[in-house]
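Working notes, structure below.
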Amino acid sequence: MSTPPRPLALLILDGWGYSEETASNAIHAAHTPIWDTLWDRYPHTIIRASGAEVGLPNEQMGNSEVGHLNLGSGRVIYQEYTRVNRALRTGSFFTNHTLTEAVDRAVKSDKAIHILGLLSPSGIHCHEDHIHAMVELAIKRRCQEVYLHAFLDGRDTAPKSAQASILAMQAKFTELGKGRFASLIGRYYGMDRDHRWPRIQAAYNLIATGQAEYEAESAKQALAMAYERGETDEFVQATRIVPSGKAPVQVKDGDVIIFMNFRSDRARQITRAFIEPDFTGFERLYWPKLAQFVSLTEYSKEFDIPVAFPSEKPQNTFGQVLAKLGLHQLRIAETEKYAHVTFFFNGGREQPFEGEDRILIPSPQVDTYDQKPEMSAVEVTDNIVKAIESDKYDVIICNYANPDMVGHTGDFNATVKAIETIDQCLGRVWAALQSAGGELIITADHGNAEKMYNAQYQQPHTAHTHNAVPFIFVSERAAIASANGSLADVTPTMLYLMNIKPPPEMSEHRLIELSSP
C-alpha cells in the first residue's frame, strides 16, 4: 500500500453550519472565493452535529464541547446533559450520594445551601430543569435555607428571554413553599473562561458577600431594571435580590455550594475563586470556609471537590491512536477554543499525548468579538503555515473560533467579516499544504453563523443551531464522499486516509472512499 500524503490537516470552523436558507445567513452573505472553490472542486458532504447523533437529547443543538468530544473520540459520546436527564427520569437524581450527602451536611449543621447555575432552557452549559430538581432535593431533605444564585443566558438563547425561566423558577419556589432567588448576574461575568478576572470578581463578590451594583425585591424586578438599563440577559450586571423585610444573602462559613453547570469550560474560573486557598485571580476580600463545594460534573482534575456525576473517559481516541504509533500531531487554536482542540478533543484528558505539541494563540482582549471579528485567526494561520513547512507533523488539528464567537454577538456585519477572514486563512493553509504535498479536511463542530436572526422573537439570533455542518476533503487523490454521517465519523475517516485501521471503539462509517487509481 502506498504511503499516504502528509501532513493531514483538520480545520474545525467553529460555528460554521450548513443551511440553504439565505436570509440572515452570514456565511451566504460573505465573499468566500476560497471556500466556494474548495466546495465545488473537491469531495464534500454534510454531517450531523446535534441531537442524538452526538449524544444529546433529540432536537438539542450541538455545542463546541460536545462537538470536539465526538470528533476526537471518533464515536458518539453520551453527554453529561443526557446522563443527568436520565437520572431525573429514573428518579436516581434524588438519591445521588454526592448531592444528598451535601444537603444532609447542611441540614445537620443548620446551614444554607447555595445553588449556582445558568438558569436557561438551552442545555448547553446547564438546564433549568436540573436546577429545579436540585432545589426540590434540598427542600424535601428539610434544608431550611435554599438560595439560588442565577446566571442568565442570552447567548445560547434569545438575548431577552430570561423572564420565562425566572417565572418558572419562582413558581417552583412557591410550589415547594421554601427557597428563593439570592442574586442575578449575566453569564458574561459569572461564566468567563478567558481569565478576565474582573468579570469573575463581580460574580464572586455578589454571591459570596452580597455586594452588588444593584438591588431588587424580586428576580422579575431585577430583570426589568436590567432591560431598562439597556442590558440583555448575558450582560445583566450584579443584582442582589432582597425581598422586603429580608437581609442580603451572603455565603457563610459552614454553608454548602452546589454548582449545577454540567459543562466544565465556563465553570472553572469561578469555582477556583471559591475553592483554592492560594487563588490569585483577584483579591478576595472575604473567603467563606465552606462545608463543601459540589460540582455536578468534573470541571478539572486539579479540583479536589465532590462530583455528582463523574466523567466517563473514552479510550483509544484519535490522539491516543496517533501517539501509540509514534506519530507527531499539532493542536492549535486561540484562547477561546484552545480547550476544545486539546482537553475535549482528547476525550477529557488534560495532558498532551506523546508526540503531541500544542500552540495557544491569545484571543484579543475586547469586550465582545464584534469589535474585532478577525480575532486571532491570522496569527493562528501564521503558525499553521510554519508547522506545515517544518515537515514535523503527520497531523495538524486547528480550530478557528471566529464564526462561533462573533456569531454569538448577533452582529450580522461583523459575522460576515469573520467569515471572510476565515476564507482568506483557508487560502493560505491550502496553498501551504499544496506545496508540502499534504491533504486537508474542513468541517465544523456545530452551526451558528448561518442563522443570525430569530424571527420568532424578532431579535438577533445569538445561539447555536440544529443544522448539519459541512465536510470537505481537499486532496488530489480520487475520492467520493458518502452521506448519512456525523461528527463521530470524521477521525475514523482520517485514520482510513492515513492507512491506519481505526480501533474497534470507533465508528465504522467512512465519510470518504478512495477510488482505485
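Any Cβ shown, glycine's included, is placed from N, Cα and C.
What Swiss-Prot says about this one:
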- S64: active site, phosphoserine intermediate (ACT_SITE)
- D14, S64, D445, H446: Mn(2+) 2 binding site (BINDING)
- H125, R155, D156, R187, R193, R263, S264, D265, R266, K337: substrate binding site (BINDING)
- D404, H408, H464: Mn(2+) 1 binding site (BINDING)
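Recorded features from Swiss-Prot, shown on the structure.
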residue: D14; record: Mn(2+) 2 binding site; Cβ contacts under 8 Å, 6 or more apart: S64, K337, H340, N399, Y400, A401, N402, P403, D404, M405, A444, D445, H446, N448
residue: R193; record: substrate binding site; Cβ contacts under 8 Å, 6 or more apart: D265, R266, R268, Q269, E336, A339
residue: S264; record: substrate binding site; Cβ contacts under 8 Å, 6 or more apart: E65, T297, E298, Y299, S300
residue: H408; record: Mn(2+) 1 binding site; Cβ contacts under 8 Å, 6 or more apart: G15, R155, Y369, N448, T462, A463
residue: H464; record: Mn(2+) 1 binding site; Cβ contacts under 8 Å, 6 or more apart: G15, S50, M61, G62, N63, I124, D156, D404, H446, G447, N448
- Task: Return the maximum Cα to Cα distance in Å (whole number) over the record's substrate-binding residues: H125, R155, D156, R187, R193, R263, S264, D265, R266, K337.
- Result: 18
- Task: Output the one of H125, R266 that, of all these binding-site residues, has the highest number of other Cβ atoms within 10 Å of its Cβ.
- Result: H125
- Item | Secondary-structure category, per DSSP, in which H408 (Mn(2+) 1 binding site) falls | coil
- Enumerate the residues of the same chain, D404, H408, H464 excluded, that satisfy the criterion Cβ within 8 A of the mean position of the Cβ atoms of the recorded Mn(2+) 1 site; list them in sequence order. D14, G15, N63, S64, R155, D156, P403, M405, G407, H446, N448, A449, T462, A463
- Message: Rank the binding-site residues D156, D404, D445 by how many other Cβ atoms lie within 10 Å of each Cβ and give me the one with the fewest.
- Response: D156
- Task: Would you identify the secondary structure of the residue listed as 'active site, phosphoserine intermediate' according to DSSP, in three states?
- Result: helix
- With a radius of 8 angstroms around the mean position of the C-beta atoms of D14, S64, D445, H446, what other residues of the same chain does the Mn(2+) 2 site pick up? I12, G15, A49, G62, N63, G67, H68, K337, H340, N399, D404, A444, N448, H464
- Query: S64 (active site, phosphoserine intermediate) has how many other Cβ neighbours within 10 Å of its own Cβ?
  - Reply: 28
